[in-house]
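A.B. asks: Take this structure, written in structure tokens, and hold onto it; I'll ask about it next.
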Amino acid sequence: MGAAGSSALARLGLPALPGPRWLGVAALGLAAVALGAVAWRRARPGRRRRLQQVGTVSELWIYPIKSCKGVSVDAAECTALGLRSGHLRDRFWLVIKEDGHMVTGRQEPQLVLVSITYEDDCLILRAPGMDQLVLPTKLLSSNKLHDCRVFGLDIQGRDCGDEAAQWFTSFLKTDAFRLVQFEKNMKARASNEIFPSLDKNYQVAYPDCSPVMILSEASLADLNTRMEKKVKINNFRPNIVVTGCSAFEEDTWDELLIGNVEMKKILACPRCIMTTVDPDTGVIDRKEPLETLKSYRLCDPSEKSIYKSSPLFGIYYSVEKIGSLKVGDPVYQMVQ
């Protein structure tokens with residue numbers, strides 16, 4: 001049955017039994033897999049493709065406020081705009097300057113020290129030397145609407161109030177800041193504005209480029225074999241972490257099924273100076289791990305017009321079919 005079959009039995013709370021009893025359990029497991037595959041094919045009658053398991057979900061992350069710490073979750077909905085757990089939405093909050101321009105860890109590296117928990121429909125924000133901030137996830141419609149700029153594109157956000165603004169201003173101590181929230185009735189940023197040269201069709205709120213980013217544990221482990229000072233998964237801020245595959249195997253995954261969510265590859269994730277911010281100290285290095293990645297993860301020369309000199313690490317995906325997923329779910333590549 002192999003490791004994958006044994007882990008499936010463990011998730012069901014069943015021991016891996018020897019002899020005929022084991023065969024009976026295995027038969028039940030195979031039947032369940034077959035029924036699931038049949039159900040998937042029936043749900044997608046026009047797309048006759050087979051499923052090839054390429055890994056397993058080991059971690060799920062939602063980053064409510066852009067550049068602040070992520071929240072690890074066991075399960076999530078996957079919407080067209082990214083992961084969601086209750087009122088926690090991925091990159092639905094954004095720190096801005098008073099003129100509306102976004103502020104990220106690239107400009108204010110200490111943002112990565114802001115931790116977030118979720119209680120009673122509120123985000124609870126904590127940071128070194130600061131009292132906690134209780135932030136309601138449902139804002140008054142009378143709160144001001146800001147016209148914001150995210151990577152040169154216009155997008156709106158609703159002001160989270162003076163208390164939140166003062167909290168971030170006091171913590172960062174470099175400028176006057178506001179916090180805004182994206183709302184579902186607002187116009188998101190369109191893929192044809194983000195990547196005009198690519199034939200893609202999706203939208204995002206405040207993420208850099210895509211609703212979902214996937215990275216494998218093996219790719220991180222490979223990078224760390226080349227690093228004097230090891231880096232963490234938090235340096236790269238993926239939404240979905242995959243185990244059970246080889247390093248950089250995710251480069252080859254074009255279309256995925258996880259839980260009942262279907263995703264389609266947009267492009268590889270070009271890495272920037274944000275990866276050099278230490279998630280534990282908020283100190284920006286400006287060199288590593290970026291320099292090491294550049295030594296072996298640059299794009300093919302034919303793709304330089306897209307990626308330029310940025311090293312590639314992780315993959316951006318659009319959500320083709322919304323649904324739910326959880327830690328422990330198999331990751332299937334959908335192949336012809």
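Glycine residues also receive a Cβ, built from the backbone N, Cα and C atoms like all the rest.
Below, the features straight out of Swiss-Prot:
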- 1-35: transit peptide (TRANSIT)
- Lys138: ubiquitin cross-link (CROSSLNK)
- Lys144: ubiquitin cross-link (CROSSLNK)
- Lys173: ubiquitin cross-link (CROSSLNK)
- Lys187: ubiquitin cross-link (CROSSLNK)
- 188-334: domain 'MOSC' (DOMAIN)
- Lys287: ubiquitin cross-link (CROSSLNK)
- Lys294: ubiquitin cross-link (CROSSLNK)
A.B. asks: In whole Å, how far does the CA atom of Lys294 (ubiquitin cross-link) lie from that of Lys287 (ubiquitin cross-link)?
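C.D. replies: So the alpha carbons of Lys294 (ubiquitin cross-link) and Lys287 (ubiquitin cross-link) sit roughly 10 Å from each other.
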A.B. asks: Give me the mean pLDDT over the domain 'MOSC' (188-334), rounded to a whole number.
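C.D. replies: Average per-residue pLDDT within the domain 'MOSC' (188-334): 98.
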A.B. asks: Hey, what's the Cβ neighbour count for Lys287 (ubiquitin cross-link) at 10 Å?
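C.D. replies: Result for Lys287 (ubiquitin cross-link): 10 neighbouring Cβ atoms inside 10 Å.
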A.B. asks: Hey, does DSSP put Lys294 (ubiquitin cross-link) in a helix, a strand, or just coil?
C.D. replies: helix
A.B. asks: Going by DSSP, how much of the domain 'MOSC' (188-334) is helix, how much is strand and how much is coil, in residues?
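C.D. replies: Per DSSP, the residues of the domain 'MOSC' (188-334) fall into 35 helix, 48 strand, 64 coil.
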